[in-house]
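Database features, via TrEMBL:
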BINDING   Gly102, Glu103, Ser104, Gly105, Ala106, Gly107, Lys108, Thr109  ATP binding site
DOMAIN    9-707  domain 'Myosin motor'
DOMAIN    824-984  domain 'TH1'
REGION    584-606  region 'Actin-binding'
Amino acid sequence: MAELEGLEFGKSDFVLLDEVNMEQFMENLQLRFEKGRIYTFIGEVVVSVNPYKQMDIYGKVAIEAYRGRELYENPPHLYAVADAAYKAMKRRAKDTCIVISGESGAGKTEASKYIMQYIAAITNPNQREEVESVKNVLLKSNCVLEAFGNAKTNRNDNSSRFGKYMDINFNFNGDPTGGHINNYLLEKSRVVQQHAGERNFHSFYQLLRGGTDDMLSNLHLQRNPEAYVYSKEGASVITVGHAEEEHQKLGFNDGSLHKAVLSAMKVIGFTSEEISSIYKIIATILLLGNLEFECDGEIVQLPGAGSVSHVAELTGTEPETVSKALLYRTVATGGGEVIEKGHNKLEACFGRDAFAKALYERLFAWIVGRINTVIEVKNYNPALHGKNTVIGVLDIYGFEIFDNNSFEQFCINYCNEKLQQLFIELILQQEQEEYHREGITWQHIEYFNNQIIVDLVEQLHKGIISILDEACLTVGKVTDTVCLETMNTKLGQHPHFTSRKHCPTDKTMDFQRHFRIRHYAGDVTYSIEGFLDKNKDPLFQDFKRLMYNSADPVLKEMWPDGQLSITEVTKRPLTAATLFKNSIIALVENLACKEPYYVRCIKPNDVKSPVLFDDARCRHQVAYLGLLENVRVRRAGFAYRQPYARFLQRYKMTCEYTWPNHLMDTDREAVEAIVTQHGFEGDVAYGHTKLFVRTPRSLFTLEQERAALIPILVLFLQKVWRGALARMRCRRMRAIYAIMGCYKRYKVKSHFFEVERRFASVRSMADYGKSVEWPTPPKVFCMRLTRLTHVSFRWRARRIIKNIPPSDMLEVRAKVAAMEALRGERPDWGFGRAWERDYLPKDCPQSSSNFMRASKDLKSKDQYSQILFSGSVRMLNWFNNTKDRGLVITDKHIYKLEPKKYKVHKKIPLDSVTGLSVTSDTDQVVALHTATQDDFLVYLQRGELCPNQDRIGELVGTLCDHFKRNNRIISEESLEVVVRGRGR
């Protein structure tokens, strides 16, 4: 921080002061305020001074600068403490809370809003829709609650007139999943009466100045706050001629704020009917304030029926029942008889005001409850979703001292006493007690313990609240004055209580009216007038029944106690002071079980000036907030403490002697090894069960080293785990393959056994097993089945061939060759008849003797071994003429013979034949292709004896077989016929 902020801005942490005294503290605080540095640390406590102006230290850039950083890495800021609370919650799965305290006008509400905005900004990086919805509702709830719960006071333009504690629930990822809002002691008396210069709640002025004309017309309202008794005091603060200009100057813009509130309610989930009911209730309250009562003798009357009918219309009731509830009170006698007692004018006015206050109080409570139903954590299962952690944000009214302090200020100041007591116990008392308990050398620091003041207010049977309750329960006419006398009698000797009776010379107090309490924040004089009535909080049952019977379901929901009839006896309700005391005690207990972070707000002056620093005013606040004592404890104490086991668990990976597990006798020795290795011996102290670290920098160094090692450890664990997974997967795969192998062998063997069974007797079968059906093979054997069947076919062929005489083998071989060449190409190729090869003698029986002589001559001349094929053909010559000829093919030559005398017309070597072509039809056309490009194109004639013979197959088969046996290549290419070099 010293590097980020120069010395001209003062010390950014009061712990760094040269001397811890009030003068140096105030000098540093004023210097930082004048230099625009409104935040200063006291260790982890943030001291905030209200700047009374907009400052450019918030927004996305600032949020990114503080996200995930340690407290001392950046200048002091609300974002720093918010991030520290969030990190503690996320890292250690520990509930935390941020307590914002200070007197009215010190900037608590603004601080809570900035903290909420920061938490919303740093969560849900994956932009999950359900998480974004929760964040929007949490943020928008501030806008709605400010409108209905805040007001302008003489000290603060946006003063919270109720206490608010918000719990934000987070899942294990650190994303908000919901929340819950508790509200405390709404100042409902402000609805009917305000101090001079103050306003009613913002909601009244926002409706009157921001509502549309149609909306105001439907609500029977005028656009003028001065027209209504309950709002005219606030309207008179601003002159009529400069209303809008003054509003802008004061920071109010009721018109635009009204639109923002409507928008926020829609985002939260209020229905249009619910929003309509809310503003009907606001209008009802304004109209009630304008009701006037007149006396006609002893009878009280309402002179104007119009306003009553408007109230009845807005509340969904009948005008007669509204008038009756305002003018009469129904009372049940001891015998069960019900009578109606008329009010006098004072009672009627009191009842009207009490009704208006109760309407607003219940409306506000219903709004808070409605928001809670939207943001509550739904369908949460710890087993599935992990631990649900909480960050609490407390924004509650600050200490108040007015010219006229009444019951509300008494409760508010009691609340601040309880919060100060919590601060003392957690920051000052418990810390010093822990040092003593752990055996840490420590010089005790004196501080004021305000427990004595808390006891003065809340002690049973002796405290002021008990005296008030006793007076309210006493039968008979007990006045405020009598109650003050009881206080004087019981509390007269208390050092923090006094009155005019005990100090007759103190003329700042009046006899039988004032008493004074010496609070930790200063002396406050209270007026006893109205204490008992406000404590009783009386509201006639008639009003409750009237609202419960309303036709408006929203209004009816707010008054469940109205269902009781007048004769039903109910338990006396607790008084307002007791209810408030119980709620504050529960709040303090809730805060005490969380890890607290503090924002201490200071008001620099009473005139809302951004440049004025009232030294006396600020000095008083520093004194009663105990900030100087906090600095002394913090400076002499330790910033961090942790049980040895937890410290070791978090940082053991930073030391070679403790990772993964140490072999030392105790965890303390292992912790000492970590500290020694990092050189922090002078910055720590060893307690009986905990390690105490003095400065955050030592802890930050450990965190940095841990953060650097975590990815390495994660990678190592991933590597080991992936290896383990791979080995398990490998073992499984090996087992799978072994099982698959055994199963495959079983299936193959089963298949072989079945094949063996089916084909056992094929040797004795006539077809050698051709009719036997093969069993379906296993999938693994499908590819090998083709080979097996091929072997079977070859065996069967061999068996068949062995039975064929050698003289028929040439015909068989020729038919096989023809089948290979022509199967699927020609429908018939003569495979069903005997192939004789030499057909020329049979084609012309008359000239067969001539052929025999010619063949002998050719055989003796050309020395051929056998005639492969012969027959009568019709040949195409090179003049495109056809003539009958005789075709003789031997193993040496091809001869073209003249018919009848069989004279050789042409002879070509058989080796010069390059190809043979036939058609796919039944015709007998054959083309013999030669290397000399002088092909033979012939038509095989069937002869006189066998006119229907197909000889194409025989010719093809004979030549193919001959060429195969002579190692000539047989191909199936389409060739063009060429006669004497010309294509045909």
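Using the three backbone atoms N, Cα and C, a Cβ is placed for every residue, glycine included.
Those TrEMBL annotations? Automatic predictions, nothing curated.
This view paints the features noted in TrEMBL onto the structure.
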residue : record           : Cβ contacts under 8 Å, 6 or more apart
Gly102  : ATP binding site : Ser48, Lys108, Gly398, Phe399, Arg600, Cys601, Ile602, Lys603, Gln621, Leu625
Glu103  : ATP binding site : Arg155, Gly398, Phe399, Glu400, Ala521, Cys601, Lys603, Gln621
Ser104  : ATP binding site : Thr153, Arg155, Asn156, Ser159, Tyr397, Gly398, Phe399, Glu400, Lys603
Gly105  : ATP binding site : Asn50, Thr153, Arg155, Asn156, Ser159, Gly398, Lys603, Asp606, Lys608
Ala106  : ATP binding site : Ser48, Asn50, Gly398, Cys601, Ile602, Lys603, Gln621
Gly107  : ATP binding site : Ser48, Val49, Asn50, Pro51, Cys601, Lys603
Thr109  : ATP binding site : Glu146, Asn150, Asn158, Ser159, Ser160, Asp395
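DSSP assignment over the region 'Actin-binding' (584-606) gives 9 helix, 8 strand, 6 coil.
Taking the domain 'Myosin motor' (9-707) as a whole, pLDDT averages 85 in the prediction. Residue density at Lys108 (ATP binding site): 27 other Cβ atoms are found within 10 A of its Cβ, drawing on all protein chains shown. In sequence order, Asn50, Asn156, Ser159, Gly398, Cys601, Lys603 are the same-chain residues whose CB sits within 8 A of the CB centroid of Gly102, Glu103, Ser104, Gly105, Ala106, Gly107, Lys108, Thr109, the residues recorded for ATP being left out.
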